[in-house]
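Written below as structure tokens is the structure these notes are about.
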Amino acid sequence: MTTPALLPLSGRRIPTLSPGAASFPHHRATLRLSEKFILLLILSAFITLCFGAFFFLPDNSKHKRFDLGLEDVLIPHIEAPKGAKHLGGQVVIHGQGGHDEHRHSLRDKIRVDHERALQEAKEKLRKSRDELRAEIQTEKSKVVEDLKKKKEVPKPLPPVPMPKVVGVNDGDPVEPDVKEKRDKIREMMKHAWDSYRQYGWGHNELKPLAKKGHSTNIFGNSQMGATIVDALDSLYMMGLHDEFKDGQEWIEQNLDFSVNAEVSVFEVNIRFIGGLLAAYYLSGQEVFKVKAVQLAEKLLPAFNTPTGIPWAMVNLKSGVGRNWGWASAGSSILAEFGTLHMEFVHLTYLTGNPAYYQKVMHIRKLLAKMDRPNGLYPNYLNPRTGRWGQHHTSVGGLGDSFYEYLLKAWLMSDKTDTEARKTYDDAIEAIERHLIRKSNGGLTFIGEWKNGHLERKMGHLTCFAGGMFALGADGSPDDKAGHYLQLGAEIAHTCHESYDRTVLKLGPEAFKFDSGLEAVAVRQNEKYYILRPEVIETYWYMWRFTHDPKYRQWGWEAAQAIDKYCRVSGGFSGVKDVYSSNPTYDDVQQSFFLAETLKYLYLLFSSDDLMPLESWVFNTEAHPLPVLHSSCLVNFCSCLSINH
């Protein structure tokens with residue numbers, strides 16, 4: 001005789017037999033049938049008990065409490081007889097004999113229910129196993145259909161004036177050679193998109209060598225088409241309207257946020273909400289706005305913490321949040337909770353719901369009250385206690401976009417949010433004092449502050465800061481506009497050196513400035529390039545503000561290197577060692593490659609009337625959101641005052 005083993009299945013244990021036990025399926029079916037019969041018998045016995053109680057219980061005052069209102073407790077669907085009324089959940093009968101009539105009516109009803117239940121049980125037991133299965137499947141399908149019908153229809157969003165949208169379809173360069181380069185970037189975008197369309201459609205990202213879908217833990221276990229949402233505005237700007245339409249149709253038919261998936265609040269905000277809002281403003285298609293709002297509502301539970309500082313992750317279905325296990329003492333990350341302002345302001349503007357604006361302003365006010373060591377913002381903040389975690393400050397990973405969004409909040413408000421500008425200026429002053437240094441070879445770099453010590457290392461992510469300094473130069477205090485434009489140029493030069501000193505002419509993930517080495521990666525796990533955009537982003541901003549041709553030259557060098565070393569038949573892949581002439585691939589086409597890297601390259605070889613910076617502000621995923629000019633701000637402020 002074979003002894004059953006216990007195997008886990010979906011959190012439960014079920015008995016199973018060894019191979020060859022042919023009677024097992026039949027045994028399981030018989031067991032299910034027996035269980036159904038026992039349950040029906042128990043139900044029948046319960047109904048019989050209730051039925052008998054009305055015949056045999058003595059009719060005296062001691063039992064009146066049980067009798068009165070029984071239909072509300074046991075069978076609430078029974079309507080009270082004429083002459084009766086409800087008081088405090090009980091039925092009170094008026095008129096002589098009313099009570100007895102009601103009791104007889106109740107007995108008759110129970111008798112009928114009892115007989116019907118017995119008849120149904122007999123009919124069930126006469127049916128074959130296949131008939132029972134078919135019936136169960138029919139009932140399940142009916143329940144699913146009922147749930148779909150009952151699904152809450154979202155409230156229509158209030159009509160708001162559309163911000164002035166300019167420079168969406170322009171940008172043709174005059175110079176033939178520049179136009180040729182821009183066309184090449186468009187061809188690279190089409191190769192990346194077509195490969196994803198063929199091999200990874202609907203998945204979050206693409207494995208271009210394996211030619212299949214790919215995802216990471218920032219999107220949970222869900223397939224939400226991150227590449228589709230991230231790429232939409234790039235496709236639109238490049239005039240790839242058939243591809244844009246394909247993406248829109250997928251979003252209309254398949255993008256569903258009611259999934260049991262734990263996602264990164266930060267990543268979903270900048271990629272999905274930012275991408276959907278940008279697609280809405282560029283195309284005017286309502287579906288993108290509706291989807292952005294649906295997702296934003298799913299993120300709001302992440303703010304349910306003692307301090308209002310959101311969790312790093314939230315389950316889209318349950319609303320339960322938590323922080324990354326590796327973060328200092330359960331802390332939230334500065335660059336994550338500090339990179340919500342742009343998108344959330346636009347959400348309040350479009351919905352009339354002040355909650356989004358209030359959430360991000362609460363974060364700003366809380367940070368303003370806190371002490372900052374040396375005027376610097378540490379990267380970790382505990383959402384339970386409101387205290388800083390490890391004193392680590394970086395303008396690269398963990399800190400970067402917090403500073404970016406302070407500046408861009410001011411720009412997006414048509415330069416009326418002076419509080420954001422002042423906070424940005426104070427933060428940059430402290431960063432200059434403690435983190436920015438010149439190497440022995442004359443390269444300006446931004447180090448990292450760790451527990452009172454400056455680490456002379458700069459990450460690829462930090463290279464965005466050159467563009468940020470240039471973007472924030474106008475409006476700097478004490479007539480420092482020239483100083484910050486020059487600082488942006490110096491950072492751009494340093495980051496170009498990090499590219500130029502590699503074999504592939506692509507930059508490493510991080511590079512050091514000590515022990516005689518400058519702008520070079522030392523550790524093997526810092527030598528990879530994963531199609532990142534930050535250096536090219538800085539080239540574009542510097543080109544817009546200076547029109548120095550070297551930035552287009554540097555951008556073209558990077559584009560050629562990407563096309564030569566990262567392009568494969570199934571898309572584009574990152575490489576594991578930029579110092580090797582024969583690098584291995586990481587086999588991931590990141591969604592931000594289509595959202596940022598290729599977009600910034602396309603803008604670099606376009607004229608300035610494509611997405612003019614007076615009218616658009618790019619979020620940290622390169623999704624453009626319109627500046628809310630004075631006419632829009634009147635509507636925005638009125639919505640806050642009405643709903644406050």
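Cβ from N, Cα, C; glycine included.
TrEMBL entries are annotated by machine, without manual review.
In TrEMBL, the region 'Disordered' annotation falls on 152-177 of the listed ranges 100-125, 152-177, 438-463. Only residues 6 or more beyond the boundaries of the region 'Disordered' (152-177), in the same chain, are considered here, and those with a CB under 8 A from a CB of the stretch are 236-237, 239, 281-282, 284, 289-290, 293-294, 349-352, 603, 605-607, 609-612, 615-616, 626-629, 631-632, 635.
Summarised by DSSP class, the composition of the region 'Disordered' (152-177) is 2 helix, 0 strand, 24 coil.
Calculated from their C-alpha atoms, the gap between D400 (active site) and T620 (Ca(2+) binding site) amounts to 9 Å. E534 (active site) and C463 (disulfide bond) have their C-alpha atoms 6 Å apart, to the nearest angstrom. Candidate recorded positions: C463, E509, T620. Nearest to E267 (active site, proton donor) by Cα distance: T620. Take the CB of D400 (active site) and look out to 10 A: across all protein chains shown you find 25 other CB atoms. Listed in sequence order, the residues of the same chain lying 6 or more apart from E509 (active site, proton donor) and placing their CB within less than 8 Å of its CB are G459, H460, A521, N525, E526, K527, Y528, Y529, I530, R532. With respect to their backbone Cα atoms, T620 (Ca(2+) binding site) and C463 (disulfide bond) stand 13 Å from each other.
Of all Cβ atoms in the protein chains displayed, 24 besides its own lie within 10 Å of the Cβ of T620 (Ca(2+) binding site).
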